[in-house]
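J.: My questions will all concern the structure given below.
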Amino acid sequence: MTDRPILTTTAGSPVPDNQNTLTAGPRGGVMLQDYQLLEKLAHQNRERIPERVVHAKGWGAFGTLTITGDISRYTKAKCLQPGASTPMLARFSTVAGELGAADHERDVRGFALKFYTEEGNWDLVGNNTPVFFVRDPYKFPDFIHTQKRHPKTNMRSATAMWDFWSLSPESLHQVTILMSDRGLPQTPMNMNGYGSHTYSLWNDAGERYWVKFHFKTQQGHTHFTNAEGETIIGKTREGYQEALFGGIERGEFPRWKVQVQVMTEAQANATSFNPFDLTKVWPHGEFPPIDIGVMELNRNAENYFAEIEQAAFSPSNIVPGIGHSPDKMLQARVFSYADAHRYRLGTHYEHIPVNQPKCPVHHYHRDGQMNSYGGIATGNPDAYYEPNSVNGPVEQPSAKEPPLKIDGEMGRYDHRDGNDDYSQPRALFNLFDPEQKARLFSNIGAAMGGVPGHIVERQLAHFKMIHEDYEAGVRAALENQHGYKVDTISATPTAAE
Ligand code: NDP
Ligand code: HEM
């Protein structure tokens, strides 16, 4: 006799033998009625689910958001009131690599947060950069195609990337950050996070404020060079998982200072830039960051697949007191993520434990595959429609956002018209010291190897618009690394390599 649990079928019946297939005689063949064999093989075939279409490789942990500052005059959100403490989940990721990609690759890092507030889940799905490559959602799938594999070669294509970027000058700001030191953080703990988009806060008086969220690492903002990253990948492809998981196991709990920048609706009408343009930051000088609290990660997942791979973040998840903004990219994301989850995880992805709100949930959605709500999520079997006179759940008017005045004629407005794509990257370039600039040039040179000359020249012309030194530095790096020269005779520039 043993006190170990009895192995059962998924239907709960004891399994008599988990070692030997049921056969006709010791030499076989196998009997079709060995259902457990069929069950084991069938389950194994279904162990993988589609990886995320972007941000497939990730690392996550649980923790707490604690509010120490006072922004109650801007927002009624309970999780942002002084003293509030909210359990949360963070998932960090690279954008382009697949599920098995190496962690220490140069790429933007995802910084996705889910706050389990008493008023529902609030997801802030940002990056480790305050801006993005494109400002119109029409361009997101095209951009991502250039980051993923070429359909014929099945390899990533530097030509596609730089072709797209050189034809999309709004990408210059993010490309400069990606190619700077910040493009390769040492670990997830050593990077900042940014909500990136402009969101809104609103208070009980119905006043709205525009807001940017910032998460400043307290572990040191530290980065690796390309060469250091390559050395690490030569030893381990899981460096971020080792650092984050291992650190938390050892009781080293990483922390981020949480800040907001706030802009009034009147100020938003007066800025020299569009405050809803995702390729722009709000200058700190004009909109100083305000400290509002601390985010700490202090618990690893018990099961990576269940809690990190199945985590479903969505910018559509907001709570009363927090809202979206007119940013076109954000509005597209409000649709895209929940749609991705229904495809990748299933209709009832919100009922997977890691995605479940930690407050009562009542809605009138019905049925569907994998429904584990007990059939009806109103808690009342007669309340399966609304309005009703059977005491079913009712709306809460106090959760209604204040009205936002919008105007303008419907049309497709050229997002490049009159847009200054150079000043903010220039402000950034001017922040870099000579060594940082040298690494920027070298990183771009390395990333441009093999790109046809006409694309290289188009990109260099943009760098020149930022700063003459930027163009000259990248051109010199291309010459040194690849023997690049402009073919002036044929007037068709070529890249040697
Ligand atoms: P400030 O001089 O007031 O702000 C400079 C900010 O730039 C810093 O606080 C830091 O942001 C960030 N920064 C410093 N060094 C680097 C670096 N090597 N790589 C990337 N970012 C760096 O000027 P502005 O607010 O006018 O910003 C100037 C430029 O700085 C912007 O054009 C933008 O490219 C960049 N930046 C600005 C941010 C903002 O919210 N205003 C945020 C991040 C970058 P942090 O404290 O967030 O690390
Ligand atoms: C993941 C779409 C822009 C940050 C994803 C996913 C989709 C998507 C479909 C996969 C979701 C999943 O399967 O779980 C889009 C679209 C965008 C956009 C349509 C623009 C129109 C952005 C921007 C940011 C961002 C601007 C950051 C500021 C992330 C992060 C993840 C992600 C962090 C991974 C979330 C996780 O850890 O599960 N995006 N995205 N995306 N995106 Fe975006």
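Glycine is treated like the rest: Cβ placed from N, Cα and C.
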J.: Have a look at 1-26, 365-390 and point to the one annotated region 'Disordered' in TrEMBL.
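T.: Here TrEMBL associates region 'Disordered' with the stretch 1-26.
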J.: In the compositional bias 'Polar residues' (7-23), how many residues does DSSP put in helix, strand and coil?
T.: 0 helix, 3 strand, 14 coil
J.: Does DSSP put HIS55 (active site) in a helix, in a strand, or in coil?
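T.: Assignment for HIS55 (active site) reads coil.
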J.: Measure from the CA atom of ASN127 (active site) to the CA atom of HIS55 (active site) and give the result in Å, rounded to a whole number.
T.: 10
J.: Check ASN127 (active site) against DSSP and tell me helix, strand or coil, would you?
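T.: The residue in question, ASN127 (active site), is strand (DSSP, three-state).
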